[in-house]
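**Student:** Encoded as structure tokens, here's the structure I'll be asking about.
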Amino acid sequence: MPSIKAPGMKKTTTLTVAVKSRPLTERELGRNIVRVHDGKEVLVLDPDLTKDYLDRIQNRTKEKKYCFDHAFGPECSNLDVYNRCISSTISGVVQGLNATIFAYGSTGSGKTYTMVGTQDDPGLMVLSLHTVFELIKKDSSSDEFEVNCSYLEVYNEVIYDLLEKTSGHLELREDPTQGIVVAGLRSIKVRSADKILELLNLGNSRRKTESTEANATSSRSHAVLEITVKRKQKSKYPNQLIRGKLALVDLAGSERASETNSGGQKLRDGANINRSLLALANCINALGKQQKKGLAYVPYRNSKLTRILKDGLSGNSQTIMVAAISPADGQYHHTVNTLKYANRAKEIKTHIQKNIGTIDTHVSDYQRMIDSLQVEVCRLKKELAEKESQLSVRTTDKAAAADDELSWLNVLSCETSENVQERINLQKALFELEETNVRN
């Protein structure tokens, strides 16, 4: 197996939050209380129409206003959402970056429609997969690409493989190099987006869904589609492997038993869904406080869902949260709760870095490399010995020349000193002759 480790350079970024409001359905007889302004502002009106102007100016109204990175009204399609806030993130997956996209909201708010979509309005999962293979096809380098796909669900705090017909319970493991992994999860090598879509439809047919009063096809489990893109460079770094990972998450919706009128197994399913979503909300709250007030404990281990999303929430991943809301006045409390958590998620920071590793080489390749290195070492040793011998000869010649020069200087010094002494003696004799001449 290749060892994948992220390099030291990190880029810190905040979690991108987008809000998508669905249209009113035929069953909903209330009024639309959600307004979207300038593609970023979301205004939730007070569902109570009996309040007058005085109540509003005295702040006794339930009207709420939020601002996000992106906001989409009921008239926007999934393609609009994808083009504005997701397409640029998908392109980084082919370059070795991690990306996580998950839809959050109450039951019946349109999460599954946003992520999976329909034939006429494909969802974010479908559009992302097509983009990945289009980028690989357009790549002009000679690199080799390998795409693998896995699909799992978390149902009642138990993980199942949606690509296996009869999947048993799977366990989470923490790997020192790959982080959180699901032991025994099947990963299928795919060569086209159509193959992944076929696997996606197969997995969705095996996913747990039930009909409730709040939603005719309510998802009873959290689904995670993971796409891994491995890129091996042929020319520049043949032993280098770049790996990007795309996680597409469709969460089950939070619900109230009084609204769904569920009982028995449906009631237990709803309780487990709410428990895992509460754990996710607590993690979002803790991470938001961590950015404002410093260190705070983040309860990732309270649910398997939060352990799977750990990298996406605070690790090495560029994460986009799509908050799906209902515009009906009867869903006011669910809408405000969703927007409240989405507003807190804006404070979360993640650290993006490329996943670059090396491919393990066969023993024979290592032996061949060792032999070539030994030959090069012998050659360099021989050249070094020749250089040292030439240097020693030059040093000997220089030493002999220096000795000759030194002896010549000694002789010259002696002759000079004798000459000076002789001149001094002659000078003395001359003075004596002059004195004798004066006396005579």
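For all residues, glycine too, the Cβ spot is worked out from N, Cα and C.
When I checked TrEMBL for this same protein, it listed these features:
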type: BINDING; residues: Gly105, Ser106, Thr107, Gly108, Ser109, Gly110, Lys111, Thr112; note: ATP binding site
type: DOMAIN; residues: 14-348; note: domain 'Kinesin motor'
**Student:** Over the domain 'Kinesin motor' (14-348), what is the model's mean pLDDT?
**Tutor:** 85
**Student:** Around Ser106 (ATP binding site), how many other C-beta atoms are within 10 angstroms of its C-beta?
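**Tutor:** A count of 24.
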**Student:** Which one is it: of the binding-site residues Gly105, Gly108, Gly110, which Cβ has the fewest other Cβ atoms within 10 Å in this structure?
**Tutor:** Gly110
**Student:** Look at the binding-site residues Thr107, Ser109, Thr112 and tell me which residue has the greatest number of other C-beta atoms within 10 angstroms of its C-beta.
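**Tutor:** Of the binding-site residues Thr107, Ser109, Thr112, the most buried by Cβ count within 10 Å is Ser109.
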**Student:** Give me the long-range Cβ neighbours of Lys111 (ATP binding site): same chain, 6+ apart, Cβ under 8 Å, in sequence order.
**Tutor:** Ala103, Tyr104, Gly105, Ser219, Asp250, Leu251, Gly253, Val322, Ala324
